[in-house]
Each structure stands twice: as structure tokens, then as C-alpha cells.
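Taken from TrEMBL as is:
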- Lys134: active site, charge relay system (ACT_SITE)
- Ser209: active site, charge relay system (ACT_SITE)
- Ser233: active site, acyl-ester intermediate (ACT_SITE)
- Leu183, Ser209, Val230, Gly231, Gly232, Ser233: substrate binding site (BINDING)
- 85-565: domain 'Amidase' (DOMAIN)
Amino acid sequence: TSAALTLLGGSVAAVVVWKCLGKKMIQKKMEEARKTRDEGLKKMAKAVQQFREQVPNVQTDAILSLPLLELGERLREGSLSPKTVLYTYLQKALEVNQQTNCLRHFIPECEEQLQEIQRQEEKGLLYGIPVSIKDHIGHKGHLSTCGLVRCLDTLMKEDSVLVKVLKRQGAIPFAMTNVPQSLFSYDCSNPIFGQTLNPFNHQKSPGGSSGGEGALIAGGGSILGIGSDVGGSIRLPSSFCGLCGLKPTAERLRWVPGVWHIHLLNVGICSCPIPVPCALGPMARDVDSLALCMRALLCEEMFGLDPTVPPIPFNEEVYCSSTPLRVGYYDTDGYFPLPPCMRRAVKETRSALQAAGHQLVPFSPPRIPYVMTELYLKTFFADGGRAWLDVFTGDIVDPSVKPQVNSCKIPRLVKKLLALLLKPLVTIPPPLKDVAMISTCRSVKEMWNHHHQIQVYRSEFITQWKELHLDVVLCPVLGPAFTTGYPGKLLTAISSTMLYNILNFPAGVVPVSAVTEADEEELKLYEGCCDDPWDRKLKQAVSGAVGMPVAVQCVALPWQEELCLRFMKEVETLSREK
């Protein structure tokens, strides 16, 4: 007995020592990554300082205030040099990063690209434009971390297709921006590089997962950024930070196989990526910038590098059209009632569109509780979240994703019992806002049926759209910006954006207003669907947001990005006139 106890005690001690060593190794890796990032930023600051000494009279504020289209014209005609513009934005990016912690890494190769564009025979549509890119978008010689320690060892061997096309069009990628751990969050925090803050209010989140992009562009440190969106990851940071952002039809822009989506499959972040595809898209300060970016990317270079991208160039005629639109609208999806200011934004925009001669038609998206619980989250947690949990092996779990991680750790048998007991509740009000986390596909047959049900829902939605003869839809987007830490507690609050990932429709966000004192007073009376714990958390998350941006969402049918942008431009113009 004594020997057995001694052996047991020794085994326990060995496990404790092993775990301590593992934690020390993780801490060391994270410290090295932060050190590399900081050294890169110091080099960036030194390069800026050297430029300022060489060219002391740069009109920094004048350059930073130029809209993208005007900046592009000045660069192409030669009245501004790409070098001056690059170093102006590098300096501003450093300032914004000090306030918000939005940069994951500086791209020193931007100086090589600066030389390369001056050798190009033709000036591309993005000639001399500094561009920031989200952490996971592959750039040769750089990490694609997804905020995970396990991804700190592998440098990208080549540029992704999207980066290649940006460079071919004369753009200068200069920075990679921070993301939440594993990307499956709409906050922006990871244990390696920390929490990114909203530039307008440091108590608030910039949104996610393209939160570093949101903070950098909104703070003025970038004029154009590229994000990605699988549940709102372009649109939510755009909403929280007062930007314009477009999630295209997922297949309209793709990047080279092997860079990110295969990487995520390998590490298990997306356990079932086919039915709800990830979309890449632009983020900027105005709609014309998004249109210019899409125009530049939808080119022969893109179609040649990636034959899976349909060779459909940007349709100028549709974007520039002034034909009155037939607009469907709704201010709530019936699943997660949004704060008063977001519904006000839809109502005011609807009135402005109507006054401008457009036809407004009430539209009610079908079965959102079913879509949220049975289609969307079940896609990513079909195995009960086991594959997703695997990505945190040998890692420190960030507080922003701990609620989801803890939900996934519920024993499988308990999940099945709870799913069985609670499933009937999701089809009747109030919607059960946590059941999706415990809903699983129990067999391959059930998985195939799940895929089929997504297709059935898409057909149902398009049929309803066509019966009303709609061109586009105006609807709310989640906002205003949440206080940091709250997005992880309210995963299912993203129903307003995730719907258009399930449908794979192009959807964009446009800021139209700001939170007022009256909105804040009305929020005190907010009870949501039934004043349940999730409704109360939402109320806490968005309080204290006076002056923060308020946005709406604009949607079109698949492959109609130009129509979506044209509608966004109309909304933007009317809101600015107001």
C-alpha cells in the first residue's frame, strides 16, 4: 500500500511538473512573439523618423484627410509621392496602435513594394495606396497566428492570391492587424498580443474578428483594410467603429488554397466550412473606397491566379445607376431585439429612402430562431465543439472566448440530454439563446441532412424575396460598440449578421448616426425579448455609448455586390445630407 501511494504521489508530482513546464514554454513563446512585434514597431518608428528628417515639411493632416479616391488621383498624377503617403500612414498607424493596440505586425517589405510599384509599367487602380490586412491573410515571410500560440512557428511561404493582386494593382501592404483568439469571437483579444480597444472609447471593443482593422482604420492609421467574415467579422467591427464594410458573396473573392482556410481545417477551427463559407472583403471610411477596392480586385490577375473565382469584373453600370430601388426592410429579426438606437437608425433610413423616391416594402426574414440554433452554430459545433477545443491544446484560453470554451466542455451525454429536453423551446418565443452550443450532429447522415436544410432555407428565403420583387433589403446590425469582455457572453446576439453568412448574400454596413442621450434614456426601458439574462447582458454591454457610431445593414442577392454597394452609397449620401 505504501509503495502504491508513493507511486501515485510521484505520478501526480510528475504531472504537475509537466504542466508547469508546458506553461513556461507557452509563456516563453508568447514573450518572444511580443518581442518580435515590438522590435518591428521600433524599426517602423525609426524608419518614419528618418523620413521626417529627410522630408520635414510634409502636410500630414492634409494627406490623412484625403478620401481614398482623391488620394489615388493625387498619387497617379504625381502631385503626391507614394513614399510620402506611406510614411505618413506609418506614423499615424503607430500613434493609433499606442492608443488601441491594433497592430499585430509591421510589414517591413512595404519598402520593397514601394520600389516595385515605381518599376511597374502601368499604374494600378491602387497605385501607392497603403493597405492594412487582417492577421490571418497570408503574406510571405510572416506569421498567420489567429491569436494562437500553436501558430507562432510557421511563416507563410508565399503571398495569398489577394495580397498578390493588391500588390499588382500598386497597393502597399504595410501592417497586419490584431484578431481574437481562434477568430471565433466578435471581441478582439488574444493571450499573445492582448486586447484591442475602440479608438472612440477605450472602454469599448472595436468588434471582431477583424477588430484590429476596425480600430486602425477608424483611428485614421489606415485608409483601406482587408478583413474576413464568417458571422459578421467585417460588419460588426464596421458597426462598432463607424466604418463602411462589405462582406461579398464568399466565392467572389478567394485566396490561394493552403494559406488560411486549409490551415484552419488542419487545426480544427472550422469543423464544417462548406455550408457557411468565409468571405474576404474591404473595410474603409466610405462606400466609394469599398467600390474601388472591389474594382481593383476583380481583375484578370485575380481570375488568372485563382481559377475558382468566377471571372466577373466589377459592373460599373450597376454601381453608378440612379434607378429607384424596391427596398425590403425590417428593424428586428424576432430573435435578439437590438438596442433602441439601432432600430431608430433603420426607421430613419427607411424614411429618408422613401423621401428620395425609393419604394419601401415590409419584409420579415423567416424562422430566425431556427436558423440561429439549428443551422448556423450547429455548422461550427456539429461535433459538440471538440474540434474547436483542440485548437486550444497547449494554449492559454483568452477570457473573451472562455464562455464558449466552457460550454463546449460540458460532457457529451449531458449535452445530448439537454439538447433533447430543450429543443422544443427553440421554435416558440422566447427563443432559447444558448441551446445551439449543445446541439450536435450525431451521424454523417445527420450532417448531410444539416447541409441540405441550409440549402432548403436559402431557397425559402430567396422565394420570399422574389415574391415581393425586392432589389435590396435594409435591416439592422448589432451595435453600438460593446464594452470589452461582453461579446464572449453574448455569442448569439450576432443573429442580425450571421443570417447573411448562412444565405451567402452580399451584405454591407454603413454608419448613419450616433448614439444620443435620448437613446441612452430609452435603453433604460429596454427589456429585449423577455428581459432574460441575455437581454440584460446586452443592455449592460451597450450602455455608456453616447456619441458612438450607429449603423445599418444593406443586403443584396448573391453575386450582386455592385447593387449592394450602390444601395450602400445611396444610404450613405442620404445620411450625410441629413
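Just so you know, glycine gets a Cβ as well, placed from its N, Cα and C.
What TrEMBL says about a protein is an automatic prediction, not a curated fact.
Checked against the residue listed as 'active site, acyl-ester intermediate' by C-alpha proximity, the recorded positions Lys134, Leu183, Ser209 yield Ser209 as the nearest.
A simple way to gauge crowding: the CB of Gly231 (substrate binding site) has 28 other CB atoms within 10 angstroms, across all the protein chains here. The CA atom of Gly231 (substrate binding site) is located 9 Å away from the CA atom of Ser209 (active site, charge relay system).
Taking the mean position of the Cβ atoms of Leu183, Ser209, Val230, Gly231, Gly232, Ser233 as the substrate site, the remaining same-chain residues with a Cβ inside 8 Å of that point are Phe184, Ser185, Tyr186, Gly208, Ser210, Ser228, Asp229, Ile234, Leu236, Cys278. Model confidence over the domain 'Amidase' (85-565) is summarised by a mean pLDDT of 91. Between the C-alpha atoms of Gly232 (substrate binding site) and Lys134 (active site, charge relay system), the distance comes to 14 Å. Residue pairs drawn from Leu183, Ser209, Val230, Gly231, Gly232, Ser233, the listed substrate binders, are separated by up to 11 Å at the Cα level. Around Leu183 (substrate binding site), a 10 Å sphere centred on its CB holds 27 further CB atoms from the protein chains shown.
Val230 (substrate binding site) sits 14 Å from Lys134 (active site, charge relay system), taking the C-alpha atoms as the reference points. Ser233 (active site, acyl-ester intermediate): 33 other CB atoms within 10 A of its CB, across all protein chains. If you take the Cα of Lys134 (active site, charge relay system) and the Cα of Leu183 (substrate binding site), they are about 11 angstrom apart, rounded to a whole number.
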